[in-house]
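Supplied in C-alpha cells, the structure appears directly below.
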Amino acid sequence: MATVNTAWDHVSGNIFKTWVIMFLFSLFTVAVVYIIARGFGYGEVGGLGIVGFALIMAGIMNFVSYFWSDKIVLGVSGAKPIKKEDNPEVYRIVENLCIAAGLPLPKIYIIDDTATNAFATGRDPKHAAIAFTKGILQKLNKQELEGVTAHELSHVGNRDTLLMAVVSVLVGTIALLADFFLRSMFYGGRDREGRGNQLFVILAIVAAILAPIVATLIQLAVSRRREFLADASGVLLTRYPQGLASALQKISGDREPLEVANRGTAHLYIVNPLKGQDAKQWLAGLFNTHPPIEMRIKALREMEGKI
Amino acid sequence: MITYIVIGVVVVLIFWLLMTYNGLVTLRNRVREAWSQIDVQLKRRSSLIPNLVEAVKGYVKHEKGVLEEVTKARTSLMSAKNPHEAAEADNMLTGALKSLFAVAENYPNLKASENFIKLQDELSDTETKVAASRQFYNTNVLDLNNSLETVPSAWIGQMFGFKKEEFFKATDEEKKDVEVKF
C-alpha cells in the first residue's frame, strides 16, 4: 500500500480499511456486551439472556428497514418513478453504466426539488433504486451526471445497504443494552448483592454511557469509508475522475438544502443533503456521514490519468 | 495424535482445493456471461442496420459502395463465432458506418429526415452500450487472468487446464475517435 494513487489502489485500500474497521467494531461489541452482561451480574445465563434479547430486537428493527429500504426511503423523499420516454438521457446514462458494471437496471426515480442531490438504495442489486433531484439533472452536464450515477451504482454493487444494515444491528444492540442496564440501575436496584463484582458494575456504567456514542462514531466512519469507496469504484466505471470531481464541486457550491431529506436518510445521498453542517474541524468531522468534499475531490484528482 | 494432524491437514487441503477450483469455474463462467452480454448488444446493433440501409437507400444514389460495405460488415458480424472475430467485424462495421455518415453529410434532405436522425441516435447509443459491455467483459477477464497468474490459484488453474482469456481490444482507429471527442 505504498503508492495509493490509481483507482484500483483506492478501491482495494478502502475495502481493506472497511474490514479493519469492521473487525475492530466486532471486538468492541464483544467487549461491551461482555462488560455489561457481567455488570448485570445475575450469572452468565441471565446476562446473556438480556444480550440475546437486545440482539433480536435490534435485528428485527433493522431487518425491516433493510428489507424495505427502497420503499421506505423513496416514500419519505417523495420520489416519482420515471420511464424511458420521460427522460431518455438519464435513462440511457443509467442503462449504459449498469451494463459496464454488470448490474441489473435499477428503478429510476426523480425527486421534484431544485436542490442538487442523488441517492441509491435497495436491499440487493435486483431491488435497487436510484433517485435524482430535478436540480441535479438541470445543473450537471452529461459527464458529471455519469460520474454521479457511477458513484450511486457502485453503492449498489458494493452492497452498501447490507453492510450499513449489519453495522446498524451492532450499534442498535449496544444502544439497547446500554439503555436496559442504565434503567435497571435507576429503577430496579434489585438485590444489589446479586450483582457480581462491584468492579464490573462500575465498568458497565461507564460502558453503558460511552459505548453508544463510540458505536455511532464507528458507524459514521464506515459510512465515510464507503463514500470514498463508491467514488473510486465509480471511477473504474466511467474511467473519468474529472466528471465526478467537477460534479462534487458544483454540488458543494450549491448551498440549497434538500427539504425531503432528514437525519435518517442523509447518509444515502451523494453529498450531505442537510448542508450548512459540513464540519471542517477534526472533532466535528467525526460526526459526519460523508467525508469533506475537498477530500473526496483530492482523492479523485489523484486518480486522474492513473487508471 | 500425529495421525489426527495429518488427517486435519489433508482435509483442509482438499477443502481449499475445492474452493479454489470452484472459484475459478465461477470466474470463467462470468467471462462467458459477460461475453454473451456483448453479443446481445452486437445483435442489437446489427438489427438496426437494415433499417438504416433502407432509410438511406432512397437518398444516396452515387455511393452505393458505402452501403454495400455496411451490409457486408453486418453479415460478418452476425456470423462471428468468437470474441476475436466479433471484435474485428464490429470494428469493420464502425468504420463502414463512419463513412456512411460522412457521405450523408452531402445530402441535406437525408440529414433532416426524422427517421434518419432517430436511427443515428439509436446507433450511437448502441455503440455506447457495446463499449460498456466490452468494459464489463474486460473486467471479468482481468479477474480470471489475475487468478490464473497469481499463486496459489495459478497452480490449480494449471492442474485443471484453465486458460487465460483475451481482452476485447479497441482498434487504433477507435482510440483516435475518442481523442477527438474530448
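Yeah, the Cβs are placed from backbone N, Cα and C, and that goes for glycine too.
Since we're looking at a predicted model, the values are computed, not measured.
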Looking at TrEMBL, which one out of A:Glu85, A:Glu89, A:Glu95, A:Glu227 binds Zn(2+) in the same site as A:His151, A:His155?
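Site partner of A:His151, A:His155 for Zn(2+), according to TrEMBL: A:Glu227.
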What is the pLDDT of the domain 'Peptidase M48' (A:86-303) when averaged and given as a whole number?
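Summarising the domain 'Peptidase M48' (A:86-303) by its mean pLDDT gives 87.
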Six or more residues out from either end of the transmembrane segment (A:48-68), which same-chain residues have a Cβ under 8 Å from its Cβ atoms?
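Same-chain contacts beyond the flanks: 33, 36-37, 40, 123, 161-162, 165, 168-173, 175-177, 180.
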Using DSSP and three states only, what is A:Glu227 (Zn(2+) binding site)?
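Going by the DSSP assignment, A:Glu227 (Zn(2+) binding site) falls within a helical segment, counted as helix.
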Helix, strand or coil by DSSP: which one applies to A:Glu152 (active site)?
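Note: A:Glu152 (active site) is helical by DSSP.
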Given the recorded positions A:Glu152, A:Glu227, which one is most crowded in terms of C-beta atoms within 10 angstroms?
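The residue with the most neighbouring Cβ atoms within 10 Å is A:Glu152.
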